[in-house]
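Marked as Zn(2+) 1 binding site by TrEMBL: B:H76, B:D87, B:H186. Marked as Zn(2+) 2 binding site by TrEMBL: B:D87, B:E122, B:H373. The allantoate binding site annotation in TrEMBL covers B:R211, B:N271, B:R284. Summarising the annotation, TrEMBL assigns domain 'Peptidase M20 dimerisation' to B:212-304.
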There are 2 protein chains.
Amino acid sequence: MFSEEHQLADLLNQFNTTADTGQNRLVYSEQWLHNQKTLILLGQKYGAKATVDDYGNVSLEFPGQEATLPIATGSHMDTVRQGGRYDGLYGVIGGFCAIQKVYQQGSLPKKPLRLISFSEEEGSRFPAAFTGSKHYTGQQQQVAALVDETGITFAQARENAIKQLQAMPDVRRQRAPLPANFTELHIEQGPRLSQAHQSIGLVTGIVAQNRYNVTVHGQANHAGTTPMAQRQDAIATASRLMASLYDLVDKSSNSLTFTIGEIRVSPNVSNVIAESCTFTIDCREESDERLATFLSAMNKVIKQFDNVTIEQTLHVPATLLSQALRKQNAEIATQMKFPFRELFSGAGHDSQIMSTVVPTTMIFVPSKSGISHAPAEYTKMSDLLIGVALLTASLSAQANEA
Amino acid sequence: MFSEEHQLADLLNQFNTTADTGQNRLVYSEQWLHNQKTLILLGQKYGAKATVDDYGNVSLEFPGQEATLPIATGSHMDTVRQGGRYDGLYGVIGGFCAIQKVYQQGSLPKKPLRLISFSEEEGSRFPAAFTGSKHYTGQQQQVAALVDETGITFAQARENAIKQLQAMPDVRRQRAPLPANFTELHIEQGPRLSQAHQSIGLVTGIVAQNRYNVTVHGQANHAGTTPMAQRQDAIATASRLMASLYDLVDKSSNSLTFTIGEIRVSPNVSNVIAESCTFTIDCREESDERLATFLSAMNKVIKQFDNVTIEQTLHVPATLLSQALRKQNAEIATQMKFPFRELFSGAGHDSQIMSTVVPTTMIFVPSKSGISHAPAEYTKMSDLLIGVALLTASLSAQANEA
């Protein structure tokens, strides 16, 4: 195992920075651009043909004996702000290592293999996520005019970065044709595998998700001179509404997650009664039906409160990934004696976009303490290598079957 | 009444700006400095001797027949950010008009009259309030190193402004000796007088006040991948704690005010479980005993919640103002047929500082809809004139009694 470990560790080090502030590989940033360039050169060195589309998705295609649709793997190159070393990048680098191992096995696989490095999945620079895989799968997007926090538009940032990638030697400039299927290797970002001491998670599906902004309207006034009975205190109402919603969650299904992560108060001054209090709701469920049941109960609770408005900001239905590909991976994992479980993903992934056009599966490896989107994100090397080994066997099987 | 109205309206216009963003007369700012200079020139023109101390408090002393301690009136020259046209300034300009009327009555009053324009009361530029009246009454303060939002220290801002005031012709540079007593004319900043259609409020006292920062500690994690049972969600706990506190308030005395005006969440991102949630408590009561009873119950509620820390940021005991001065004003108001009531002040005032050293009273006029600390702050001219008329009669009586 030494040389495999050496290669994986080396590449992860090469594509990550050592900054205390974690990884800040926002889409189209300098570090992002450097990494996509480095990946293209790496692929070309090992015989791949590189394609870069107009969103900066990189496809590296390695030859097969037959001119059929390729078997694809990969993940996204961007990170959140102050992100970890594995989210996204592990699927790109692990995918590259797995493809190399398939070719090291001897004869050329029947089908070509493709490594995809999606431009953007996190939605951390511009208020839009999955822009890479959405473009890859041909979805129309209205993102050109979105601005980042410095006022640069998506269109400006993209044009500058893509120009440099597409100007590289032997790079095809086009949207890559769709592959035969897609396997994404990724860290779990939750605690279930690490708590169960299992090295592999085979993903059955990705949760349905709705998000809302809830605003309680009050009236700003002096905290000392306004009698309690004459107040419209937005925080008084909001705190009771939030507490009622958490009570409702306690009575709901085990597969529900419910998060109020953001609160914004106006004017937010200690001696002024709040004029308004807006909070977000992030609500996820494995089942669309159970989510709808909860949302209906949630709306009933909200309607019991006066002066409240609710705005839906996101709706993503549950995604079921390929049963056939998961079954094949389960058989391989059993043969290889890797401890695994099947599980739902509570996080969104490029796979949910890819699964709308091609059979798609995901392989998870454990996240220590379930921590992700933080510099402390960590997966031990032995688990990283087991993930790559399973992906290698899976790609080899897929690329050599009839 | 025409000329009195004309003079009061003219002076209020002269000392306020017409900006849409309201009054921004932060202590030691250009506009503040301009106003204190203008006031000194105005006082000198009408025969007053001007004194400016090292905090920028302006004292204008008008002569009496006897060389006794002066009868003082006044209020503060600073405003909050985006403040109104009356808070503070009405007591300075109204005080000037009242003193003028006393002198227009004919013979010189027995005792001298003094108009005070305190430098600062609001605590809006630096995190310290009542710095003017505290200096005036000889209290030690640790404020020199405090910085405003642009990084300028209190000491720097003060030195620059005071130098200009103290360099004016015929200005005495010293802390003025304490007056015999103090009467402050001020807008109510609450709705009680306007709702009761009364023009005058005679202030019995100023509420006791405690402020706190309460922090709920949680653990940041992914909103989609962390099972509900494994979360430490700071907002879940904070919302239940805040709701419990509001429930407790509902059962408390009518004279209690309780305000959570400010909430700060970290990291405050919709899809991340909150690491911490800090909220402020502003709690006021007419009675120190009833406040202590409530605070004890409040602390019991807070102790029922885990991972919560509480920090006290302010404690001001209740202040009782002079009964004798209030009684005198009530008799005058009755004679003049002004509809009045006695009431507690829910807001803090320079009077609570002055009352620690000399007999002090306050006269309130109504605030339309109770609105204050906002450009919409308004008191109709007839009420402003009634306040000045009562102050005139009161100063005349005080200055002429044995």
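Cβ atoms here come from the backbone N, Cα and C positions, even for glycine.
Automated prediction, rather than curation, is the source of TrEMBL annotations.
Since the structure is predicted, the reported quantities are computational estimates derived from the model, not experimental observations.
Locations of recorded TrEMBL features on the structure.
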residue	record	contacts (Cβ under 8 Å, 6+ apart)
B:H76	Zn(2+) 1 binding site	B:G88, B:G91, B:V92, B:S117, B:F118, B:S119, B:E120, B:E121, B:E122, B:G132, B:S133, B:D350
B:D87	Zn(2+) 1 binding site	B:T79, B:V80, B:H186, B:I187, B:Q189, B:S372, B:H373, B:E377
B:R211	allantoate binding site	B:T280, B:I281, B:D282, B:C283, B:Q312, B:T313, B:L314
B:N271	allantoate binding site	B:H222, B:A223, B:G224
B:R284	allantoate binding site	B:V207, B:A208, B:Q209, B:N210, B:L256, B:T257, B:L291, B:G346
- Query: Near chain A: which of the binding-site residues B:H76, B:D87, B:E122, B:H186 have their Cβ closer than 8 Å to one of its Cβ atoms?
  - Reply: none
- Item | B:H186 (Zn(2+) 1 binding site): tally of other CB atoms within 10 A of its CB | 26
- Task: For each of the binding-site residues (B:E122, B:H373), count the other CB atoms lying within 10 A of its CB, then report the residue with the highest count.
- Result: B:H373
- Looking only at B:R211, B:N271, B:R284, the residues listed as binding allantoate, what is the longest Cα to Cα distance in Å? 37
- What other residues of this chain sit with their CB within 8 A of the center of the CB atoms of B:H76, B:D87, B:H186, the recorded Zn(2+) 1 site? B:S75, B:Y86, B:G88, B:L89, B:Y90, B:G91, B:E121, B:E184, B:I187, B:H349, B:D350
- Note on the structure: Whole-number mean pLDDT, the domain 'Peptidase M20 dimerisation' (B:212-304), equals 95
